[in-house]
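Data first, discussion second: the structure below is written as structure tokens.
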Amino acid sequence: MSDYDAEIAFLGEWGRFQQKVFYLLCLTAIPNGFTGLSIVFLADTPAHRCVVPAHVNLSAAWRNSSIPLEEDQSHGGALVPSKCSRYKIDAMLSYSDRGLLPGVDVNLSHVPQESCLDGWEYDRSQYISTIASEWDLVCDDSWKKPMTSSVYFCGVLTGSFITGQLSDRYGRKIVLFLTIAIQTVFTFSQAFAPSWTVFCALFFVVGLAQISYYVSAFVLGTETLGPRVRTIFSTAGMCMFFGLGYMFLPLLAFFIRDWRKLLLCLALPGFLYVPLWWFVPESPRWLLSKGRIGDAEAIIRAAAKTNKIEPPSVIFSPLQVRPYWLLWLTDFGQFCLSCFIRYRKNNTILNTVTIAYFALSLNTSNLHGNVYFNCFLSALVEMPAYAVSWVMFRWYSRRLSLFSTLFTGGLFLLLIQLIPAGMTISKDFNVMIGKFAITTAFAVVYAYTAELYPTVLRNTAVGTCSMASRIGSITAPFFIYLRSYSISLPYILMGSLTVLSGLLSLLLPESYGMPLPETITHMQHFPG
């Protein structure tokens, strides 16, 4: 095509057709927000301690002292009951039968200890149940908790690759609604998972489907809307509706404290998207790149009718369109030859942004105060971040926008280690400022990526970039796991990587004010 945007300029920028596409596609992002981060509550670990069986005939003094004390770094080194060990039952029985008192007649530091051989008892004041309390994902099995999130992100990685190939071949719309259906069915099925292994297998498919319909909706809107509205859609639009879904999550979790019932509630909204099939159009850009000029014109003429505008007699000339398979083969060949050079900088930045964003989002249960309020606050700071991302994307350089947000976010995370241990509110404030800046970068970088690659490969390119960035999200849960060794270590690593990625973003090409490339020959060169 010579200039797609010029050919459809007669439609205007913000008619009823564009409004319908904008809001309906944005609505599909809401389940991404509350389902994608639901693991914060589904797998949260309640306070727990070893079970001392009721049938063991211990005195009240020994039963009350059956759990040894240990230092807790998250509470400034205060002594708290151990979560993974108890004093040996035989030893306590021996002392109890002889009438010896713990800490008076017996030095507890000399009493042998053992692991929780009879299981754990969990505090039920905050949760009725989570997968951590139901399947004992604690102590020696505590690695399974971050692994659960990593399995989900492995599904996201797989979906990022598959959806790009499928939607570039079969269309954005069909992949969008197919994957919404898959996500709904498998989230519903998770609520009946009999074991951790089955839960993870289903969670993998949920992750695969979720990124698939998010990327498909993102690209469909980017290709269908005009330049100005496209900027709002790709930065503030999709992201703000994702943020709304994220804000609903702690509200739902507050009232539904059982993880199975919470999953059922999260699955239900997916069924409400079925009627949208008859209102969301296929991407005219994709239809043209496929050689389906008649179908593309039919959508544009229907849009003109919706906007009450008289379309020209000929909208797209057959001479303007090359066969899709030729476009795809030609561009994909060049794309493969240059993919390493073009992707390596972009994907390093995407990996860092996803590590920082998801690690900070999943870490809300470890912040000071109420977990529900912390999660809501983490979601709330995303709303102004998405608004700022739109302002930056509308009026400022892409490279400078990405650099400033990444550098600022990384700097605030690095400063956390300098705050005294008792100043928990100041630490949480720095975390939220870091989350704000990184969320802004997260919104900018995906819209930026969509501008860099051509129409015939855009969904494949965005999907492949997203796939490569998921290496970061797969490792993000284990960044949080590092806090068991040092509270500041995750922030030091995230901050350092984010600052370095901010500097690296200055080497990316500038796409501000440029038309979307249709073929790989229209792409800008990547410096360096």
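Even glycines carry a Cβ here, placed using N, Cα and C.
Taken from TrEMBL, the feature transmembrane segment covers 21-43, 174-192, 199-220, 232-255, 262-280, 324-341, 371-393, 400-419, 431-449, 461-482, 488-508. Per TrEMBL, domain 'Major facilitator superfamily (MFS) profile' is recorded for 91-513.
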Beyond the flanks of the transmembrane segment (174-192) by 6 or more, those residues with Cβ under 8 Å of it: 28, 31, 35, 159, 163, 166-167, 199, 202-203, 205-206, 208-210, 212-213, 216-217, 220, 260-261, 263-264, 266-267, 270-271, 273, 276-277, 280
Other parts of the chain folded back onto the transmembrane segment (21-43), taken as Cβ under 8 Å at six or more residues beyond its ends: 127, 130-132, 137, 145, 148-149, 152, 176, 180, 183, 187, 206, 210, 213-214, 217, 220-221, 224-225, 229, 232-233, 237-250, 252-253, 259, 262-263, 266, 269-270, 273, 276, 279-281, 361-362, 364-365, 371, 375, 379
The domain 'Major facilitator superfamily (MFS) profile' (91-513) [mean pLDDT, rounded to integer]: 82
